[in-house]
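Listed features, source TrEMBL:
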type     : residues : note
ACT_SITE : D:177    : active site, proton donor/acceptor
ACT_SITE : D:205    : active site, schiff-base intermediate with substrate
BINDING  : D:248    : pyruvate binding site
């Protein structure tokens, strides 16, 4: 099988640890993961909600509620699910919870849906370990956020080194993740270009809001079959216009069908309809992301039939006036 | 005639100074200016180079060179010209020079080309005066940059007050101008929405790089027939995708035909070609704007047959290594 | 004893969990911790190195080397040690390593030296747990960095809630920790003022560089006997001039005696000498903090007889040219 | 006389335009200006209000009110006056007004008070011209703000070139002026160090809030007899502690005697009293500068017996709630 999928065609001497990868990998990981990059590419094209993590009133992960939400999402033509993106409050989960949530989602969703699991930690070693755990728990690929605490030292060289180490040993493909709103750090374009050449790095989620940068990244990685996903519903249409292949959109937790409709309109060439729909997604999106964050996301999920529930502290519930402002954002756009 | 163009249909009590405007305005300004907003709209749709101001070696404005450049630009299907946008080094011109440059351009370009003249100053009073001078010198509309020195006090209320005063008395339509890269101040969306209702404010040049914001502005001003122009060739395609009607692009000083080709491809629905062309404009654009600024713009103009010449100090000429980097940006994209 | 130390004199109804604290606390924690705030105050006055964590070439914590360094530090009149401030690479340690390092330091240093242990995590619950573990491991107080990943939601209200929860249950006093260079978040002054009234919150390490803010915090918390520590040797003298009582200074890992000399000169009223010494600390300090970070800190430690060793990735070793620049910073100031 | 003051002792070959200066200068400018640098140094030590510019209700400069204010200030031991610092709304004055205001102040104040006049413009040429006009109008020195509109191009090299050109030809000494709150640009330390060696550049007003930077600048320019003035009452004491020789403080327009008292306490070694006074100046200072700007400054001037009057638009008057907040800042500190 390995011969037939012609593993690692671009493999240069720098990918010294490939034998190590092969030693680790189980057959299925090989098929879905690294192999798919070289032979049957893991196609990321589509829309993903970065699902929120439901907690009960004791602030424990509420797995039945998680499964309820996934059940409801099964009616929406998502390409898959991101588990433990920023909206999943991953920073507030223990290591064991992080793995268990991925495991449960893996069991709950149909095989044809992709499961992208966040596995980024501050240290390279911890990220490697979490990546392996996520793959074992059923992730089809890992989404690796930039380490950021020592951001002054997170040069292109440091980030290239970090991601290369992780991708060298990951049993599943790696998706880079740049989210400056949370990390105050943008993964530099030059680092992305270098990393796009790694056989086990297949794409990028870019949650920065700089469309020129996204266009440039698509352009400069075209030879690598590198896939860029817009990290927000706010610039989804613009992202498509410059070559992004999909989106990981917090708003898809709430208005999943509508976000998928925008995708469909785009690919069908119905630009006017796509544009009008895009307009109506901006204010709700801003309300549940930059403006009021996860507490607003979870609250709005409830208005649309999902379980939202509390956040873990230090995230506080919305105040009444904040909640009204979130409501206005949805009603002004005709969704409530 | 005034009755037939039904001047100021949306006019509320706040536009108290309209009689003053009418008292000032000459017939032709009335036709091309305010009136066109209400009756025959001044259509901004298209591409504009924000032309650079040529200086000779004594750092004086070189009017013959200016006219030479305009002569060469006449072969390109520009909608018009922006005189004294940021790229025109307007901040380094005297009041008299600012007016004279506009006057010369007015004389040099055909009547069907729009002439947008920068008239923003720090104080409201100075902006009003410069606006009137620009209109007298032949501007079809004025482009008014946000005052910014006391940016901590430049609230939405202050900016609404400023622009309203200017628009109240301007003999020609006003285009708002937000360029945070130079001003470190973004004209707030809420202020833009209010100002879009003024009969003499017809559009916005947005040089920030936030495509979500541009989409939202187009959306929230749709009822006002408010026209948004992308302020950079870097996100021109994305701007069109969310409803911008054109662009004021520094790069059009150098690659004017190519920028206009992108416009054409967009409107013709040739998105794949448009996208490929867009990609090739990004790096050259960044090189002559954010990265190396006006000295790079002027140097690159020379490579493409235009007069660039020196900048006024404190802008310094490019160093050799900077110049090589600018060249690489053009050659890597296939333009040199 | 509780009566004699008049525990919690300012205690309002909001400190509902005090009984819970008392239930948890052992006698010695009570004496050194909460009690000391009210009766025998835990006096933070003095200089602390935020010690680096030594790793061996396998990137494991090198406990013998840690003890060697502490042995050398015992000759310097430090008030105590900060374990797992930002310079301790705490973000790269496992939970078990974090506790073990504190435990080892507790065993190695004399009783009269204060041990402040970093216990901040992203979630309130994890911070509470780590705080308890640190107290059990021997910390005299905990230093709690602001959670920051969801910084858009980290309002004053959220941060007050977070720190109050932690301080309510901590067996040892809590020191707030604001380090915007790493967290891109500044603990707001209004939150600090509220928190300073909590009987178990005794001070603040402020690593921001805004001396006006530090002065204002000292001023507004004067009635609370709240102690402010400068978070850098770069503004240590200025900090003293506005009422800070000491400093937690990365540079004290390298030039500990000199930093303590500055302290001594200040309190002795030898301002001219203090100022001249302060000047000579600025460039070395900048080199091992903002400019080149922990890799530079560890490298420079070696020049002064301490064990530095490697950092954990993604922190990279200094390049040769970086190392030379760090050397210059020390030699230009007369230290090498 | 020229021989006796040993003009330009450090003069290197780069100061090529000195003969040009000498050709221009009148005797008195020579004595008070360049000469004083080399022989009888122009001593900047002391406190200066950057005076506000009074307007009448027609928004014209109100010269009688200006003279009234100066009359009242004559009772305060100021070292001198800054005319057309940022607080003077210089950006809103015409060229003629800028000169006339300096002329009037020159006539109104006693000879022993220093008159520092703001002469910074965006272009080097305009700055040179304004500098000459200011010297002719009676300025003892000019305060030259960094040009900033093309801040991306305002490298150290560009700024060194700019200031050198200005200082080469200025008939009076030049004081550098870095005010990032208004310009979003900080004059780099390396540029300051180079410029401090120019015989006609005698000091710096630093309105950034970074005390480490101020200390470093004092340190690195000690051989040049370069004088640093704190640009705010908020860090005046800290500034003295690291070697600043005085302050140009907006708050001195309102609480001039108190700011001078802080200066006196510092030099008398009464640090505890100085510190307590410093604390009480912070909140009022913040209210009339960063928080509410010049409208608050002018309003508060009226509470203390000076003429404030309106600002020029686009600066708006304070709202009622803003005014109350400013009042609270003064009353909470015991000044109202």
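Note: Cβ is positioned from N, Cα and C throughout, glycine not excepted.
Note: TrEMBL annotation is automatic and uncurated.
Taking the Cα atom of each, the residue listed as 'active site, proton donor/acceptor' and residue D:205 (active site, schiff-base intermediate with substrate) are about 5 angstrom apart. Classification of residue D:248 (pyruvate binding site) by DSSP places it within a strand. The Cβ of the residue listed as 'pyruvate binding site' has 29 neighbouring Cβ atoms from other residues within 10 Å, across all protein chains displayed. Using a 10 Å radius centred on the Cβ of residue D:205 (active site, schiff-base intermediate with substrate) and all shown protein chains, the other Cβ atoms total 29. It is 7 Å from the Cα atom of residue D:205 (active site, schiff-base intermediate with substrate) to that of residue D:248 (pyruvate binding site).
Here the Cβ of the residue listed as 'active site, proton donor/acceptor' has 28 other Cβ atoms within 10 Å, regardless of which shown protein chain they belong to.
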